[in-house]
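These notes concern the structure reproduced below.
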Amino acid sequence: MKNRDPSRASSAPPRREGAERDWSVVVEDGRAKTNEPVSSAVANPEATTLRHEPHEPPRQHLPTKLFEKRTKVHNKRIDGRFRRFKWFVMFVTLAIYYATPWIRWDRGPYAPDQAVLVDLANRRFYMFGIEIWPHEFYYVAGLLIMAALGLFLVTSAVGRAWCGYACPQTVWTDLFQHVDRFVDGDRNARMRLDAAPLGPKKFAKRTFKYTIYLVISFWTGGAWIMYFADAPTLVRDFWAGEAAPAAYITVVILTLTTFTLGGFMREQVCIYMCPWPRIQTAMMDEKSLLVTYKDWRGEPRGSVKKAQKNPGKFGDCIDCLQCVAVCPTGIDIREGPQVGCITCALCIDACDKVMADIGRPRGLIDYATLEDCEKEANGEPTRSPWKAIFRPRTIAYFLIWGSIGLAMLFALGVRSHVGLSVSPDRNPPYILMSDGSVRNSYTLKLRNMESRPREMEIAVEGLPGALMWTDTIGRDDAAGTQIKTVPADQVLSVRAYVIAPEGTSTQEFNFRVTSRDEQQESATTETRFDTPGGER
Amino acid sequence: MANKRIDEPTGTETVGHEWDGIEELDTPMPRWWLWTLYATIVWGVIYVILYPAWPLINKATEGVLGWSSRGELAEEMSVVDQARTTVREELARIPIERLPENSELFGQAVAGGRSAFQVHCSQCHGSGAAGSQTLGYPNLNDDDWLWGGDLKAIEYTLVNGIRAPGVNDTRMSVMPPFEGAFDADQLTAVTNHVLSLSGKAPSTASGAQLYQDNCSVCHGPAGEGNRELGAPRLNDAIWLYGSSPEQLRAQILNPKMGRMPHWSGRLDPVTIKMLSAYVWSLGGGEEFVEVAEDPAVEVDEEP
C-alpha cells in the first residue's frame, strides 16, 4: 500500500499485494498517466503496454498468470451495534435450524407429531397445523416464489442484508471464524500461526480446530436429516446403525460440504460461486441502502498528525485499515460498491470505533443510498436511511409478496379435505352382461386428508337407472350409492362397477363422494359411461 | 522433430511446426490429467482380471470374482422367490373357495394372477380378458359362464382345460352338426325360435316344436343352458359366436366349439389358484358365494 495518489477517486482499482507485485510497472505507469482501473489493464494488456517507452522490452511485463492467488482472510474481532445484530441473527437462525425438528405438534393418533416434517416415505409435508399432500405441491411452489420475492424485497429495501446476516453461508462462516478466533487467537495471532512452520503446537491447534469444525459440520448435517423423519427415533436409529442409507449419505455429504464451504472456502463462495450477488447487482439502484464509504468526507487520507499539521488539507479517513481488517470477505470498502461486499457492516462498526477514538463524527462508512451520498456530498439535506425502505418498488414487492401469502393462506383455509379421482377401465371399455345391461368398471381413488378415518358415500349421478357395486361389496348389493371407510390420512383405491340398463347410450356422468360426518365435504369427478356402438 | 526451439517470452519449447507464422508451444499435459489416465489404465487391468472381459469363442473370460449378469439375475430372482414363499405357501394351504375371506391374501392372489394371465392367457382372451367374438374366445369379464363361474369351477377349467386332448377329466361338450337335418324353412323357424328366447325375433309354433325336439335336451326348454354339459344359455344377451341369423344358422349346421389347453403340469397349482382368483375377480365371479355355500353344487363340480 505505497501508492498514495491524492487525486485518486474512491472508485480506484483494488490493490492486492500479489497483483501489485506482478503489475508494478504497468500499474504504476498506467495509473499515473491515465488514472485507469487495473481491471481494464488486465483485460487489455496491449493497450497498457503501448504506453511504455519504446526502449523497454514490452512483453517482459506480461503476467504469466491471469488469476490472482487467494489471500487468506484473517478478519479481526470487532464489537459494535452491527456486530451485535449479527450475533443476534446468527443465534436466531442457528436456533431455528437446529431446534425446529424437535418441536412436537399433536395431530392425533394417525399422524406424526413432529411440527415440521418432510415425510418423503408417505409423501406428506407437515408444517405445524398445515399438511401438504403431493397434489398440493403448488403450495411449496408458492413458498418458493415467496422466498424469491422476499429476497427481492429485502434487496430493494436494505441492499444485500440477506447476504450479510441471514445467508447460511454467512452464518456458518461467521461461526467458523469465531472458532478460529477461539482456538488460534485474533487476527495477528492467526497470521503468525499461519506463517509459522508446522510444529507440535501448531499441529495440536490445527487438529483441535478442525475437530471443532467437524463437530459443527456433523451437527449441521445431522440436523438436516431430522426434518425428514421423526427426530428422536432417527437419532436412536442413527446411532444404532439402523437408519436409512440416505440418512447416512446425507449426513456425510452435508458434513463435508459444511466443513469445506464454511471452514475453508468462505468468502470465495460469496464472490465466485454464488449467483445471487450477480443478480443483486442488477436489482439494486441508487435508492438501495448500501454500506458506503463517504469518500468526499474521507479523502484525501492522512494521519491524525498530518491533519493537525495541515488543517483543512486532509479528509477524515486516517487510513488505519481497520475496515479492511475486520472484513470477513477481505475487501476494502473504500474502493466503492463491489461484488465482494456482503453488507455485513462490520466495517461500519470498526470505522465508528476509530472515529470515536480520534474524536471525529461517526458514519464515515455507513449505510446510505447512493442518491443520499450524492446529496450529502453536495451539501444537500438527506433523509433517514430508514426512509429508504419505503419507496414504490419495495412497497410493490411487499404487496405482491403479501398477496401471494394471503392467497395461499386463503386457499389452505377453504381447501376440501376430501378428494376423488376416477380412471375408467379402457380394456375393455364396456362389458355386455347376460341380461343385456352394460357394465363399466372404474378405479376410484378416495382421498381422506384428515387424520381420522372417515366414512364416505360414493354416488353415481346423472346416469339414469345405473347401479354400482365395488370390489368388496357384491353385485347383489348393487345400489345407486355405496359407502366406504377411508383410513385416516390416506387414499383408498376402490374398484367400482357401474351397471346401466340395456339401451343406455354412451354418456358423461359424475361420481360424487361425500363425507358422512358433520362437514359433509364432497368432491365430484366427471367420467364417461361406454356402451356398445357408442365409440367415439 | 525439426526446428524445435525455445519460445522466448514463455520459456517453453515449441512443438517444431509452423503454420503461417503461428507456432504451438509444447506445453506438457497437466500432471493431474496424466495421473488420471494412469489410474484408469490400472483400473482397466484390475477390471479385466476381476470381471468377465475377453470374448472367447463360446464365452468370455470369467474373471476371478466369478460375477456374471446372469448369475446376478438368478440371485435377484431367488430373492424375489424367497419373498414370495410365504404367500405361496399360504395360498397352497387355503381352499380356493375360502380365499375371498382373507382379503389380503386374495389381493395378493389377484395381483399374481394378473401377471400370470398376461403371460399365459392374454394370447387368446386378450390383455383385458375381453376375449374375441370373431375368434370365439369368451369374454371373462361378463357374468355368462359355460361351465360355471365360481372359483372352483374356474380352477377346474384351468386345470383340465376344455376339449384338451389326452386329459381324462377335461371339460367336454359336443354340439352335433345339423347339416342336412333341417330344410331351409325348418332352419329359419328354429333360428327364429332361438332368437325369440331372448326376445330378438318372433317365434313360430313349428320353430318351438323343432327346438323342443332337437335342442332342449341340452340347452333347456327355455334356452337356459346346462353347465353340466357346457351347453350355453340361449336366452341371454351374450352370444359367443354372434347373434345374427346367419351366424346362428352356421352354428346350428356346423357348430364351432372352443377349446382351451389344460394347465395342470404346465403351471403349478398355486399359479392356477391365483389365475382363478384373478378371472373370478374380473367382475363376473360374484355368483361364487352362493354356489360355494351350496354343497350340492360343489360336489357336482368335483368329478
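Even glycines carry a Cβ here, placed using N, Cα and C.
Where the annotation comes from TrEMBL, it is an automatic prediction and has not been curated.
Per TrEMBL, these features apply:
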DOMAIN    B:108-198  domain 'Cytochrome c'
DOMAIN    B:202-283  domain 'Cytochrome c'
TRANSMEM  B:32-50  transmembrane segment
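For the transmembrane segment (B:32-50), the list of distant contacts is 61, 63-65, 67: same-chain residues at least six beyond its ends, Cβ to Cβ under 8 Å. With DSSP classes pooled into helix, strand and coil, the tally for the domain 'Cytochrome c' (B:202-283) is 36 helix, 5 strand, 41 coil. Per-class residue totals from DSSP over the domain 'Cytochrome c' (B:108-198), listed helix then strand then coil: 41 helix, 4 strand, 46 coil. Taken together, the residues in the domain 'Cytochrome c' (B:202-283) have a mean pLDDT of 91 on the 0 to 100 scale.
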